[in-house]
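Here's the structure we're looking at; comments come further down.
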Amino acid sequence: MSRWRYFFRRLLLSVPVVLFGLTITFVIVRMGPIDPVAAIVGPEGGGASRGRIEERLGLNEPLWQQYITFMVDMLTFNLGQSWVIQPGRSVESLLMTYAPRTLWLGFWSVLIAICIGIPLGFYAGLNPNTKSDYLASFGGIVWRAMPNFWLAIIILAVLRQSERFFFGLSWQSLGVSNNLIGQPPLDFIAFTDWTTIGIISIPVGVYFSFSTLIESIKQVMPAAIVLGSAAMGNEMRIGRTAVLETINSNYVETAKAKGLRDRVIVWKHVFRNALVPLVPIITNEAFILIGGSVIVEVIFGINGLGYLFFQAAVQGDLPLVGSLMFIFIVLIVSINILQDFLYTVLDPRVGYE
Amino acid sequence: MSMNEFDDKTLRERIADNPQPALAWLAGALVLVALELGRLASGIVQVGETTRFALGGIASLPGLVEESVASSLGEIAGLVAFGLAALVLLGIAAILVKWLLIPWTLVDRLGIEASTGVKDIIERVIVTGLLVVAAALVVLTPVGGVLEMAVSAFTRGVEWVSSLPTITSRELISNEGYQLPDGSWEGTFLGLSPAVAWALRVAVVYAYALVWLAWLWRGYETFRAHYREADWTPRDDSINRFRNHYWGMFGLIVVIMFLVMALWAPAVSPATAEANLYQPYEHEFEYYGDDGVETISHGDANFDSRSQGGDINVGIMSYDDYDRFHPFGTNTDGKDLFTFLAYGAQVSLVIGLLATVLMAVIATALALITAYYKGVTDLVTIVASDSIISLPRFLLVLLLSVLFMQANHPVAEIYDGGLLLALIFAGTGWPLLWRSVRGPALQVSEQEWIDAAKSYGQSPAATMRKHMAPYIAGYMLIYASLSLGGVIIGVAALSFLGFGVQAPTPEWGRAVYEGQSLIPTSSWHIATLPGILVVLLVTGFNALGDGIRDAIDPQSEASDGAAGAAGGGG
């Protein structure tokens, strides 16, 4: 089977995966132990309002019809609205408000994990069985085993007392002053003016505030470090093994025999090849980020998607929960497809079976 | 150790031929059991009660199904659903009963001729039928009452045994007493200070556990030297490799330390959970106050020994005002933190192990079936597992536990939500495990001996069990121990958010939650210590998994996608 046929088979397979994932969501939300209407109506709601809401949600119809309506609505991205948290607000507008914060958080946590984890792993791999290798490896293992929620509160406590730990250097007033808990300001960039060429709109006036950007990064940094911690440990470990494997391979030996300089060998022959096994690790992080963002967002007070999902689940806003779950399914399935695509392009050995 | 059927002698016969080493080992084991007979019996009582409760819950399932079906489709459909659900449950029970209790095949005894696959089915139908008759007898006739009486008589007997003194009992090495004005201690073991008495008891517990381990190892060596048919098996090499694997040994030691802490939680904790955590106002103790010896309830004493930062603090390795020793300090409401954490270890490990065992059973069964039949079964399982993976695991777990807990579902009450959590984690975690062992399972299914077994006429189930499962078991052990850490972290994280194990059952995550705002104060220990325990335990399981991997398959390299994915979220 050619690589591309394999890829297209995977692509085709993702259709039943989305459908079945949605079905599970439907079963949990509509047939689960909680009555979706109860939380919406509230304890003092009478039978009349109950009936009205049941009718609007389509709950008075037979189950199979509810199922079909639910599936069609979701698949046509007719996501409905929130009923309890912000009644009447459409899910799209909620997403527009909440998603950018999670994306910003996720972006930094992936970036930090890559920028710290991979270099450390490569360093450990280049100096195997030395003291610094042991230190880095052991640190990575412990770092990975730390529960995010615990790491988060410890980091918060340390930063709150940063004068005591860092010789009078206070994190809160470092650079720009801010609170430790709260959402990062995202209005550092805005388009003030649009011009239309034909049918395409192009922003011409751009507002950009450097200090707000710094503030925003500083605000999101501790949360991003916590969220990326597990991924960082993973990348370090895999990076170390990958470097060790490539360094002992024949083509590196050949390069050495040719008399290439160490610097060239390391940069051109070792690092480039060691990066290949790291691709799935980095894409896999998306899973962890989406799931883990709940804890981190709740503790750091960032009103992102995870926080929204948590509130929706706790307060019984089940229609919103269903729609958010669908968004997550689509996100994860697309990331999987992206990973398969990258594999197909990068590594010709994949997928002959 | 299962014996293969081509040996001319069974293990029993070999022991009968040369009973001396086996008897010597057994005598030692009996002495060890006798030392802790009371605790063992009380453990049996506890497990029995839980099993009974769980069985009651399972037995009420058909009723629940009937109710929900009857409400939407009518009475008769409800009755049919009741019958079907009961049959399904008894069918599952039949598989277990057949596997555990009936070593010979009924079909052969009855002389029924059929192909092997059909035979298996007939066998199961017969056992299910017998179970239906038994269940009907118990429910409808006085046999049930007789059974009830027999069980309660047995329980009373075991309870009497559990009152026997043991070597690690709190009464023998007591750390509860009070200090007289002249500095001497009253009521403690040999008049030692409570701290020393407690440390001594912990040391005795660990020494006892260590002796048991050494004795078990000796038992294995006796078996190897005297009773095993083969002089050498590949497993010997694996064990030798593991013994020289320092990282893996470190993991094993850490895991064993926590297991001992969980199993002997009543013995290693400075106060009993009953008195200190669950019903503090119904238990009293003596202390030396202003007017000589006085009595006070644990609850009142706890109120004066809270840790809330600043001056209101009972830190690690310190006494409170009532001469009670707190190795890890106290909680925000004055309960002993070490007791809380020791019982919390029990909760974490029970949930983690239960979830992982369930996951591993599902994943192994599916891996065997999909590798044996391939084709459509494989494809369906891929779609199902990919779909479950495409729902973010932590969010799914969170959603399910929130829903079940807010609806006050009966499942959420067993073990204060522990069973529910284990089921949820197992239900959402098996796809990751299945993915990890699918490769090895497919590999082994391509081997010639599978073909040979097929053409020899062995039934699919037997082929999978005898010729494929042993090969997968090693891999399963690796990935199971790696994913156990993920479950433990997940449970703690859920409890931290308030939707895991409910109070008053102790759970590590809840201690972190209670103490999170006190970290900068003098009461830093409440949130910090449980976190360190989680890190240690999870690192231990990861190291154990690494060690087993290197022992089983020294060529393999770290492929820990499963562990990474499982660990995420919390």
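Even glycines carry a Cβ here, placed using N, Cα and C.
Among residues of the same chain six or more beyond the transmembrane segment (B:21-41), those with a C-beta under 8 A of the stretch's C-beta atoms are 15, 158-159, 161-169, 208, 211-212, 215, 218-219, 222, 225-227, 264, 266-267. The transmembrane segment annotation in TrEMBL covers B:21-41 (among others).
Annotation source TrEMBL lists transmembrane segment at B:76-101 (among others).
Same-chain residues lying 6+ beyond the ends of the transmembrane segment (B:121-140) with a Cβ under 8 Å from its Cβ atoms: 86-87, 90-91, 93-95, 97-98, 102, 105-107, 110, 112, 114, 147. Annotated transmembrane segment per TrEMBL: B:121-140 (among others), in sequence order.
Residues of the same chain lying 6 or more positions beyond the ends of the transmembrane segment (B:195-217) and with a Cβ under 8 Å from any Cβ of it are 25, 28-29, 32, 35-36, 167-168, 170, 173-175, 188-189, 256-257, 260, 263-264, 267-268, 270, 317, 319, 325, 327. Among the features that TrEMBL reports, transmembrane segment is placed at B:195-217 (among others).
Residues annotated as transmembrane segment in TrEMBL: B:246-267 (among others).
Marked as domain 'ABC transmembrane type-1' by TrEMBL: B:345-545.
Taken from TrEMBL, the feature transmembrane segment covers B:347-372 (among others).
According to TrEMBL, the feature transmembrane segment maps to B:379-405 (among others).
Taken from TrEMBL, the feature transmembrane segment applies to B:417-434 (among others).
TrEMBL lists B:474-503 (among others) with the feature transmembrane segment.
Taken from TrEMBL, the feature transmembrane segment applies to B:523-544 (among others).
If you count C-beta pairs under 8 angstroms between the transmembrane segment (B:379-405) and each of B:76-101, B:246-267, B:347-372, B:417-434, B:474-503, the highest count goes to B:417-434. Taking Cβ pairs closer than 8 Å, the transmembrane segment (B:76-101) reaches residues 58-59, 61-63, 65-67, 69-70, 123-124, 127-128, 130-132, 135 in its own chain, all 6 or more past its ends. Sequence-distant contacts of the transmembrane segment (B:246-267) (same chain, at least 6 residues past either end, Cβ-Cβ under 8 Å): 39, 43, 168-170, 201-202, 205-206, 209, 213, 273, 342-343, 345-346, 348-350, 533, 536-537, 539-548, 550-551. Sequence-distant contacts of the transmembrane segment (B:417-434), counting only residues of its own chain at least 6 positions beyond either end whose CB sits under 8 Å from a CB of the stretch, comprise 54, 347, 350-351, 354-356, 358-360, 362-363, 366-367, 381, 384-386, 388-389, 391, 393, 396-397, 400-401, 404-405, 409, 411, 476, 479-480, 483, 486-487, 490-491, 494, 500-502, 505, 562, 565-566.
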